[in-house]
Amino acid sequence: MKLVRTRHELAEIVTQWQREGETIGLVPTMGSLHEGHLTLVRALDGKATRRIVTIFVNPIQFNNPDDFQLYPRGLEADEALLAETGVVDVLYAPDETQIYPPGFCTRISVSGPDRMLCGGDRPGHFDGVATVITKLFMQTRANIAAFGEKDFQQLCIIHRVVTDLDLPITILPVPTVREADHLALSSRNKRLTPAQRDQASHLPKALIDCLAALKAGQPVAAALKHCAQTLKDAGFTVHYLDLRSEKSLGTVEKAEAGARLFVAASLGDVRLIDNMPVA
Ligand code: AMP
């Protein structure tokens, strides 16, 4: 595995790969890697002949400078984890100037699906995501890119960008990887204190119980209200808890196939998100 720090060096490598007819697979990340990220890398098995993982903590998708500063970082450990997989060809870890050259002032803006859920209380977040992901698609010239369903709204927005801008890339969705107590793996979990980590297991449990109540016929509003209260009682600040369509992300009144529960809730200053489909 080669560690690449500049877009020029990356361009030389991918130009050569394209000449040789390789299929380029991409896993974009913000680092602080865990098994969820490695699952995305493995999801490209048989779908790409070359694999690039990118690590870039994207300043323009953070609304809060403290959140950006406190985002966990650790390039050496990440590099070791990726090298161990034996299947990553390039780790691209650019600094800010490689992504945002002086004078940079272009944004990819996705209107509609960016306003709800995480877009509601993080204005501009998804413009930042759509912009950096489009740039990484262009710089890596990837044919296929894997994204986790853990960030389901992000996945929907990227699908929208690819469709709307005719980007020549296939998006591969990958189901959420969870701990034994069902907590979704997340780089942000590292910021939880041991006590908060224990509390955090209430988040997936509340979603599982809510889905069971819906399946048993409980009205949606009552099930959501009960679920939100359970989370508050467990010490969470709940930012949203909604049942929404997987396609449009609009709210839905019925718990039927194609609907998904979405939640964002904080423990202290650590914001966690999760989602689960109505089976
Ligand atoms: P991040 O580094 O958090 O920006 O995530 C990079 C990619 O990994 C995104 O496509 C995420 O959806 C995906 N990802 C993060 N956590 C998980 C998880 N627990 N399971 C599956 N994919 C994940």
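A Cβ is built for glycine as well, from the same backbone N, Cα and C atoms used for every other residue.
Classification of His37 (active site, proton donor) by DSSP places it within a helix. Proximity of His37 (active site, proton donor) to non-local residues of its own chain (separation of 6 or more, Cβ distance below 8 Å) is seen for Val27, Thr29, Val53, given in sequence order. The active site, proton donor annotation in TrEMBL covers His37.
The annotation ATP binding site is assigned in TrEMBL to 30-37, 148-151, Val177, 185-188. Long-range neighbours of Gly36 (ATP binding site) (same chain, six or more residues apart, CB within less than 8 Å of its CB): Gly148, Lys150, Thr176, Val177, Ala184, Leu185, Ser186.
Per TrEMBL, the feature (R)-pantoate binding site maps to Gln61, Gln154. The number of other Cβ atoms within 10 Å of the Cβ belonging to Gln154 ((R)-pantoate binding site), over all protein chains shown, comes to 22.
Sequence-distant neighbours of Gln61 ((R)-pantoate binding site): residues of the same chain at least 6 apart with a C-beta under 8 Å from its C-beta are Gly124, His125, Phe126, Gly128, Val129, Val132. Taken from TrEMBL, the feature beta-alanine binding site applies to Gln61.
Comparing Leu33 (ATP binding site) with Gln154 ((R)-pantoate binding site), their Cα atoms are 18 Å apart once rounded. Reported as a whole number, the C-alpha separation between Gln154 ((R)-pantoate binding site) and Ser187 (ATP binding site) equals 16 Å. For ligand 1, the neighbouring binding-site residues among Met30, Leu33, Gln61, Val177, Ser187 are Met30, Val177, Ser187, by Cβ distance under 6 Å.
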